[in-house]
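> Quick paste from TrEMBL:
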| type | residues | note |
| --- | --- | --- |
| DOMAIN | 26-168 | domain 'Lactate/malate dehydrogenase N-terminal' |
| BINDING | GLY31, ALA32, SER33, GLY34, GLY35, ILE36, GLY37, ASP57, ASN117, ILE140, SER141, ASN142, MET251 | NAD(+) binding site |
| BINDING | ARG104, ARG110, ASN142, ARG176 | substrate binding site |
| DOMAIN | 170-333 | domain 'Lactate/malate dehydrogenase C-terminal' |
| ACT_SITE | HIS200 | active site, proton acceptor |
Amino acid sequence: LLQQLPEGVCSVYLLCFPPLSQNNAKVAVLGASGGIGQPLSLLLKNSPLVSKLSLYDIAHTPGVAADLSHIETKAAVKGFMGPEQLPECLKGCDVVVIPAGVPRKPGMTRDDLFNTNASIVATLTTACAKHCPEAMICIISNPVNSTIPITSEVFKKQGVYNPKKIFGVTTLDIVRANTFVAELKGLDPAQVTVPVIGGHAGKTIIPLISQCTPKVDFPQDQLVKLTGRIQEAGTEVVQAKAGAGSATLSMAYAGARFVFSLLEAMNGKQGVVECSFVKSEETESPYFSTPLLLGKNGIEKNLGIGKITPFEEKMVAEAMAELKASIKKGEDFAKNFK
């Protein structure tokens, strides 16, 4: 197109129509010194989509920020430590990512983290609602099935609730599904897309293998085994780390992938789709993960569940009771949180 323009018009055209990936987003990571927070911050620092990176934690953040600030990319990094510095960290943020909290240990479920992580998420999202109410909020802290309802209730209390801007990051379930399917079929994982719906714990994780791109088929016994592995992949990592933590590197990758998709959509890129655990009317569960079309203001359209097999329908039905209980637990906690 530029070659067809008269001489001297190219610079005017570029001024009027800047490139989509504008390097002007301010992103905050709350829990930046932790096992997920550090590699997530590294990936964000490496992206041309990020111009300012604000790192917050209760300890060690100045060191993490100093370390990252030496990397030869444009994003300016600043570290903030302790509750008194949190407002400044959040000021002017476009996206806030929250991986803060305690990791799982062998024998623990994600729900076992509830008491500790619920308070952390409620405290941090209260600060977000006060100091960057228009920002996109991306929650990684487990149990996501409860921490997203907590976040919603906190924003409601502050009078700034917008369900299109609050996301439970379930991207790791999709990343795992893509990887495991690719391994079994000898495909390039980068070319495989498996939607994963429902929630982000055990049987609430529902991979829709029937909607995989490219189309794949598995015998029923292999399908059952594959589905179980996707649902329990987090436990696989917890056990392999033998008490030294849970999924941190793969979660950081998945979190960064979701943030990059969100930033691209906010910059005007069309057709950006990611699954996420959000306020939903797609099922009887008030929150549910489905593919979402992302846009400048967050969720542009919920693409829903689509056509699924009887096997997948059964999984959706069996997930409902646990999903509703986890959601109610989060809502009840938030209502009593001071």
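Cβ coordinates come from backbone N, Cα and C, glycine included.
TrEMBL does not curate its annotations; it predicts them automatically.
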> In angstrom units, rounded to an integer, how far apart are the Cα atoms of SER33 (NAD(+) binding site) and ARG110 (substrate binding site)?
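About 21 Å separate the Cα atoms of these two residues.
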> Go through ARG104, ARG110, HIS200, the listed recorded positions, and name the one with the sparsest Cβ surroundings, counting other Cβ atoms within 10 Å.
ARG104
> List nothing but the largest Cα to Cα distance in Å, as a whole number, among the residues ARG104, ARG110, ASN142, ARG176 that the record says bind substrate.
18
> Which ones in the same chain are close to GLY35 (NAD(+) binding site), with CB under 8 Å and 6+ residues apart in sequence?
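Counting only residues 6 or more apart in sequence, the Cβ neighbours of GLY35 (NAD(+) binding site) under 8 Å are PRO103, GLY245, SER246, THR248.
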> Looking only at GLY31, ALA32, SER33, GLY34, GLY35, ILE36, GLY37, ASP57, ASN117, ILE140, SER141, ASN142, MET251, which the record lists for NAD(+), tell me the maximum pairwise CA distance in angstrom.
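Looking at GLY31, ALA32, SER33, GLY34, GLY35, ILE36, GLY37, ASP57, ASN117, ILE140, SER141, ASN142, MET251 as a set, their Cα atoms extend up to 18 Å apart.
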> By DSSP, what is the split of the domain 'Lactate/malate dehydrogenase N-terminal' (26-168) into helix, strand and coil residues?
65 helix, 30 strand, 48 coil
> Other residues near the substrate site, CB within 8 A of the CB centroid of ARG104, ARG110, ASN142, ARG176?
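Output for this site, in sequence order: PRO143, HIS200, ALA201, GLY234, THR235, VAL238, SER246, ALA247.
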> Tell me which of the binding-site residues GLY31, ARG110, MET251 ends up closest to HIS200 (active site, proton acceptor) in space, Cα to Cα.
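Ranked by Cα distance from HIS200 (active site, proton acceptor), first place goes to ARG110.
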> Starting from the Cβ of SER33 (NAD(+) binding site), draw a 10 Å sphere and report how many other Cβ atoms land inside it.
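Excluding its own Cβ, the number within 10 Å is 22.
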